[in-house]
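Trainee: Provided herewith is a single structure, encoded as structure tokens, for subsequent inquiry.
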Amino acid sequence: MQQKNENYWLFDAPVNQAIWHMAIPMILGMSVNIIYNITDTFFIGKLNNTSALAAITLLLPYTTVLMALGNLFGTGGSTLFARLLGTKNFEKAKQAAATSFYLSLFFGLLATIVTLIFNQKIALLLGGDANTSPFVQQYTCYYGIGAPFVVANFTLEQLIRGNGDSIESMIGMVISVMINIILDPILIFTCHLGLKGAAIATIIGNISAVIYYIICITKKEHLLSLSLIKMRFKKQLLTEIFTVGFSALLLDLLLILSSLMFNFYATKYGENVLAGFGISQKIVQIVDLIGMGLYLGVILLIAVAYGSKNFKKLKLIIRQTATYLGIIISLLFVILFFTRHWLMQCFTNQAAVIQIGEVILTVQLCATFFAAGAGLLTGIFQAEGKGLPATVMSITRGCILIPAIMLGNHFFQVYGVIFSLLVAEAIACLTGLILYLFQPMKINQQLSVKSEEI
């Protein structure tokens, strides 16, 4: 009975109710992350040091690397877990969860070692100069020490959600963010640690979330398992995890490369442009993360419906999610567009940063429509275990952006760099739509995972 109650939302609930049960906690969790990202930038901005504020923008690729590792095992493991639930193969599902968790810890530890050994070179690679490099090195040193917990946090959150426990998933995100927000001003200002304090606060928040998730999994009879004896290194199981997870990793890595390109070209136009990009990115995350909360929340519903071969329900989930996504993003676009000047003023009083920041924010808001569409389509491919189209989507989103930045900079200077994201997301969304609409029908009627081989 307990297992039936736990998985009611994945198997038996009406589609609309199931979508919002899975999505609302995810959206709320993402919203809390938005608050953290904004307050983190706010506190660092209060240091009245443009170099420190610019360093936060430069650090985005580094923190995204660790998130990408978490998504590799979180996306690959949770979608495989959900598809195995759909086939009622609970033992193999536990093996998939345990293997994903321990792989995340191992690769997080590797990230720690690499960060500590190559800290100075990483700062230079991120685009740091004489002013920003010291701040970048301070942050990466302390953040890197906690890398295993950062990677494990992203992985566990998705595994928990894969079991239908969307509320527990949200609580873990809230715990991480709230501890971070509380510690930020204490460590940054009271303890006079500056950017180092921000990194330490983030790591403590991630450790707290990991502890919470482990307690949730171990305190009761659960379809998830973190037992070492459940860990398997079978070829088919690892292939399923890495095939789907690789598309998530590749997308993140290509976006990191694109972000480095943004940093490189933005730096050419001065710290005002770089700071404007950084502030705009924080604001646009309001739309991006809420949209992600919706389509990431339903990915596991799609995986279970696909695993159980309930294709009528599968199409209904996708159609309803796309409708809700369009409505939510449209409302957020209108609100943020008409308050863009005031929002920029909340972060800085420098007129030059506000002026260019408003332009960047407007263009990035337009890009959110295409980004959400591309994200949903990529999620559908991942949920169905279709690694090839998911990887094609990832390559398209990342590889189109890089030449778009270079060509935009060459022909239109700073405004070409700004508009490159909009162009790239539009092309990626169109590519995903073509892949989804014209994939062979027989592929839609097959399961990519053969549970008996895992």
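Note: Cβ is positioned from N, Cα and C throughout, glycine not excepted.
Straight out of TrEMBL:
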type	residues	note
TRANSMEM	18-39	transmembrane segment
TRANSMEM	51-76	transmembrane segment
TRANSMEM	96-118	transmembrane segment
TRANSMEM	170-189	transmembrane segment
TRANSMEM	195-216	transmembrane segment
TRANSMEM	237-263	transmembrane segment
TRANSMEM	283-304	transmembrane segment
TRANSMEM	316-339	transmembrane segment
TRANSMEM	359-381	transmembrane segment
TRANSMEM	388-408	transmembrane segment
TRANSMEM	414-438	transmembrane segment
Trainee: Would you confirm whether the transmembrane segment (18-39) and the transmembrane segment (283-304) meet the contact rule of 3 or more C-beta pairs below 8 angstroms, pairs 6 or more apart in sequence?
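Mentor: They do touch: at least three Cβ pairs between the two stretches lie under 8 Å.
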Trainee: Take the C-beta pairs under 8 A between the transmembrane segment (51-76) and each of 96-118, 170-189, 283-304. Which stretch has the highest count?
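Mentor: Ranked by Cβ pairs under 8 Å, first place goes to 96-118.
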Trainee: For the transmembrane segment (237-263) against the transmembrane segment (388-408), do we get 3 or more Cβ-Cβ pairs below 8 Å once near-sequence pairs (under 6 apart) are dropped?
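Mentor: Touching, yes - the transmembrane segment (237-263) and the transmembrane segment (388-408) meet the threshold of 3 or more Cβ pairs under 8 Å.
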Trainee: Check for me, if you would, whether the transmembrane segment (414-438) reaches the transmembrane segment (359-381) - at least 3 Cβ pairs under 8 Å, residues 6 or more apart in sequence.
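Mentor: Contact confirmed: at least 3 Cβ pairs fall under 8 Å.
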Trainee: Looking at 96-118, 283-304, 388-408, which one has the highest count of Cβ pairs under 8 angstroms to the transmembrane segment (359-381)?
Mentor: 283-304
Trainee: Looking only at residues six or more beyond either end of the transmembrane segment (316-339), which have a C-beta under 8 A from one in the stretch?
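Mentor: For the transmembrane segment (316-339), the list is 15-16, 18-19, 23, 283-284, 286-287, 290-291, 294-295, 298, 301-302, 305, 361-362, 365-366, 368-369, 372-373, 376, 380.
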